[in-house]
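Visitor: Annotation source Swiss-Prot lists region 'Disordered' at 1-29, 340-385, 579-616. The annotation motif 'Q motif' is assigned in Swiss-Prot to 27-55. The domain 'Helicase ATP-binding' annotation in Swiss-Prot covers 58-236 and rests on sequence analysis. Residues or ranges marked as ATP binding site by Swiss-Prot on the basis of sequence analysis: ALA71, LYS72, THR73, GLY74, SER75, GLY76, LYS77, THR78. What Swiss-Prot lists as motif 'DEAD box' is 184-187. Annotation comment: Swiss-Prot describes 247-481 as domain 'Helicase C-terminal'. Annotated compositional bias 'Basic residues' per Swiss-Prot: 584-601, in sequence order.
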Amino acid sequence: MKRKLDANDVPSPEVAETKETSDADEADFESLNLDPRLRQALIKEKFTKPTPVQAKAIPLALAGKDILARAKTGSGKTAAYVLPILQTILQKKAADPSLKATTGLILVPTRELAEQVQKVVTTFAAFCGKDVRSVNLTQKVSEAVQRTMLSDYPDIVISTPARVIANLGNSSLSLDNLTHLVIDEADLVLSYGYDEDINALSKAIPRGVQTFLMSATLTSEVDTLKGLFCRSPVVLKLEDKEEKGAGVSQFVVKCAEDEKFLLTYVIFKLQLIKGKVIIFVGDIDRCYRLKLFLEQFGVKSCVLNSELPVNSRIHVVQEFNKGVYDIIIAADDQEVLGSKSKKAKNAGADEEEEAAGVMGSSDDEEAEDDKKSNRPDKRRKLTAKEKDYGISRGIDFQNVACVLNFDLPTTAKSYTHRIGRTGRGGKTGMALSFVVPADQYGKHKPTSFPTAKHDEAVLAKIVKRQSKHGHEVKPYHFEMSQVDAFRYRMTDGLRAITRLAVQEARAREIRQELVKSEKLKRHFEDNPDELRQLRHDGELRSARIQPHLKHIPEYLMPSKGRKGISSEDVGFVGFRKSSDNRIRKARDKNRAKGKGRKPSGVRKVDPLKTFNRGRK
């Protein structure tokens, strides 16, 4: 791949990477000289102070510099490139109100992330009127509709690389006036199989375009994109002060394969974790197996995987952020599918994939990646659905209390991005991972999963990477003497989850979500109140439901768990319904106390004797 040429047809020089940190930066949005309409939107969204990546990147962007920024997930990278683009558009519209041209192109690897970026653009452009128009090309609409959307020359286009190339091919999209190019989650764009699209796009982009590359890690993929699109970029490696603290507490539990289900049952039924939880599993079948298992015990959850329609996936994330659901079971097989194939036994072959820590790879690891970037690429080609789906990266999950790695990921890089879903924005969170020891692998065939064979080797790499960045992965021990009391109930619930039940649940869920996603989309746009009743955590009922499993007998409850589930003093609870008339009983009681009686000495009047007929 060639490096991008500048205006004089000279390859852009490589720039030494200077480490930028977020040391005592007292910048605020007022000092950034943004348009008043943008400041008004920031005030409405309660943005009082820029994050470190925003404080560093926005002034450089307004000065016209190309930027390659590495900052952790949840650090405000989206606003760091959206605000400068909007500022430039507003300045151009002020000089020429009749200007119509697509000047900003934002590339993302997944549809979910495209929807998220579109919302950020809409939020910040809320007070700009018709001066700023944006289009999301990842929406599931026909080619004719997309052509109509692009015919009015929107200012900003948000898309995956494949959609951009498709619209360039049919002349629906013009990049002749492009001034800003953003590649968000840059390290994932090539990993998701967009290599050919990116190469074609590099030839279609005009010279002199300002480029933003945003990523949580700096890998060989990012270096490739830097050579294709950037001209002497300023490299920002930001480390938040918050990150140096204990933002995410990391724990690991070593257990047998069937004990994963037992511990999950105990955790949720005894409410050992308070708040919202994301459970990561290895593939789609595991999604439904775990959901059906939790249904046996009355624990509601919703699934998220690449088979579901994109509108349903986006709606699940939105409702989860609003607090409608507390548990999401997500199939995160894309990090594995998109990474370079390797054997987990080979420690050396993993180095390129596992340039991780919570902040990403260190400088030494990046240098090692560069040396190994010449190895042949053995990626498995992803399907269109798999390209569009990604759950452990980029998606803005809000207020997640815990990430539960039901199936341990195959790389430390994937682990880093998974636990990045919690502890965002300076908040605390917890990551709990189940690890199957080598001597326990394959002993329980119905619950066995292939990647568990290498859990211990992967865990060693995870611990090594996290320790380099000052983070400790601590062992966590359950009191198995108390947990074992629930084992027979777990066995009963697991026995009902057959392979056929999983297949039926999978097919039924897709049918239900297709109806919700396609036929009712426009109806719900006109009737937003009815959308609130559309839930994704209903029971699939493809497995045999055993009602007695939904309730925990008191004799099974540990003393601490009993206190947590129910209050000791609940007051009087009546189990017998009185057949007496309540009002008559109260009236008699009042009369006995002297209330409602006539004063003594007053002569009783017979109404029949005192009735006077009116005169005619």
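The backbone N, Cα and C atoms fix where each Cβ goes, glycine too.
Note that the structure is predicted; figures quoted are calculated from it, not measured.
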Visitor: Can you count helix, strand and coil residues in the motif 'DEAD box' (184-187) using DSSP?
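Guide: Helix, strand and coil residues of the motif 'DEAD box' (184-187) number 2 helix, 0 strand, 2 coil.
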Visitor: For THR78 (ATP binding site), what is the tally of other C-beta atoms lying within 10 angstroms of its C-beta?
Guide: 24
Visitor: Only counting partners 6 or more residues apart, tell me which same-chain residues put their Cβ under 8 Å from the Cβ of LYS77 (ATP binding site).
Guide: VAL53, ALA69, ALA71, ASP184, MET214
Visitor: Would you list the DSSP helix, strand and coil counts for the residues of the motif 'Q motif' (27-55)?
Guide: 17 helix, 0 strand, 12 coil
Visitor: Taking every protein chain in this structure into account, which of the binding-site residues GLY74, GLY76 has the most other Cβ atoms within 10 Å of its Cβ?
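Guide: Of GLY74, GLY76, the one with the most crowded Cβ is GLY74.
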Visitor: So what's the mean pLDDT when you look at the domain 'Helicase C-terminal' (247-481)?
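Guide: The answer is 76, the mean pLDDT of the model over that range.
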Visitor: Which site among ALA71, LYS72 has the most other CB atoms no more than 10 Å from its CB, taking these as binding-site residues?
Guide: ALA71
